[in-house]
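Listed in TrEMBL:
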- 63-87: transmembrane segment (TRANSMEM)
- 107-124: transmembrane segment (TRANSMEM)
- 144-165: transmembrane segment (TRANSMEM)
- 177-196: transmembrane segment (TRANSMEM)
- 216-234: transmembrane segment (TRANSMEM)
- 246-267: transmembrane segment (TRANSMEM)
- 287-304: transmembrane segment (TRANSMEM)
- 316-337: transmembrane segment (TRANSMEM)
- 343-367: transmembrane segment (TRANSMEM)
Amino acid sequence: MSQEEIHNAASKIVVQPSDARAKSNRAREASVIDGFSWGNFTCTQSTGGVALMLSKTPYQFRGLQTIGVVVFILNLVLFILFTTAMVCRFVRTPSSFRKSVLKPPEAYFTGSLWLSMATIIMGIQTFGVPHTGSWLIDVVRVLFWIYGAITLTYNIVIFVVMFSIAPFTPGSMSSPMFLMIYNAMLTGTVASVIAADQPPSQRMAILVAGVAFEGLGWILCLLFLPHFVGNLLVNGLGPVNLRPGLFISVGSAGYTIIALIGCAKAIPDGHGYFAKHPTAAETLNIMALWIAVAHIPILVSKVTGDKSRQHMSFALPWWAIVFPNVGFTIATVYIGEELESDGVAWVATVMTVLVFVAWLMDLYLHLKSIFQKRIM
């Protein structure tokens, strides 16, 4: 055998295992991308909500706002990564896009994309506007109207699609279905967060739209809740590792409280209708507060559930421990501020700590599950 032949044979021996490993890695990466689903955006909607929650906590300490900024930036990074992964999936397999938006249960999770965008808009308002010029206020206003148009269109289309292609029978409703309607409700929450910094001439339109969207979302939730409870009565609590998803219904009352109180507080005194009726703003504030208080029993009844100690493995519905309870916590903060109650403020602070710990747990388990390809 010549020296050249020996060299070529040796090269093959070295290269072949390397090529095999490279092909194996590419196959593994392709498997992760092809299996990546809309459900992963439950992570970003929750992470954005946690950043907002930290900014609203009644008892602040030095550095807490910085932590909120870090969480907000982390949410942006995760959102970009997840969006890129979804685009890669659809580019690799174009037919998977149609399947993902038409076939339950993944189709239900498409709402998480829009909920994530809502938390990003609120994060821009909370962490960006105080440190920039008026131009960002205009940007936020434009983003709000774009988001409102998208979510209204989405809510119309998704229900037409679901009713036509995948109607559900009584007793078969699952908790992720709430994600299809929460984006309309979150439009009202976004309005309540951004309205106070908008010019009075622009603020009224935002407030009216916010309350209208909130009403739409709340009415849809009221229609869904009996089916949700009926499903529990017929089928029980379901598999142990999916039971954290039962928290999803908490968000309906929580974010309604945030929207109503937030919009009432942002009413421009002495402008337009409120210039002719000076007591109207105070009346609406009082109504918003006590409507919020009336929702508390609904919230409490929803967060009480099964305390099973059976083995539980992480699943995407675990993010329902975080996102809906972010709304519950901020709603408690608002009620404490309106009642000027230190007791309620301390309860909200404790709730903030608990939700933050739950977020850390879910984030770790979610990323671990992705890398282990146990959940995509």
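Cβ atoms here come from the backbone N, Cα and C positions, even for glycine.
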Review point. What stretch of 144-165, 177-196, 246-267 shows the most Cβ pairs under 8 Å to the transmembrane segment (107-124)?
Key: 177-196
**Study point:** Positions on the same chain near the transmembrane segment (144-165), where near means CB under 8 A and six or more residues out
**Key:** 101-102, 104, 107, 110-111, 114, 117-118, 121, 180-181, 183-184, 186-187, 190-191, 194, 206, 209, 213, 216, 220
Review point. Honestly, do the transmembrane segment (246-267) and the transmembrane segment (343-367) touch, with at least three Cβ pairs under 8 Å and pairs 6 or more apart in sequence?
Key: no
Check your understanding: In the same chain, who gets a Cβ under 8 Å from the transmembrane segment (216-234) while lying at least 6 residues past its ends?
Key -> 155, 168, 170-175, 177-178, 181-188, 246, 249, 252, 255-256
Point to revise | For the transmembrane segment (316-337), distant same-chain residues with Cβ under 8 A (at least six beyond the ends) | key: 39-40, 42-43, 45-46, 49-50, 52-53, 56-58, 109, 115, 175-176, 189, 242, 244-251, 253-255, 257-258, 261-262, 289, 292-293, 295-296, 299, 303, 343-345, 347-348, 351-352, 355, 358-359, 362, 365-366, 375
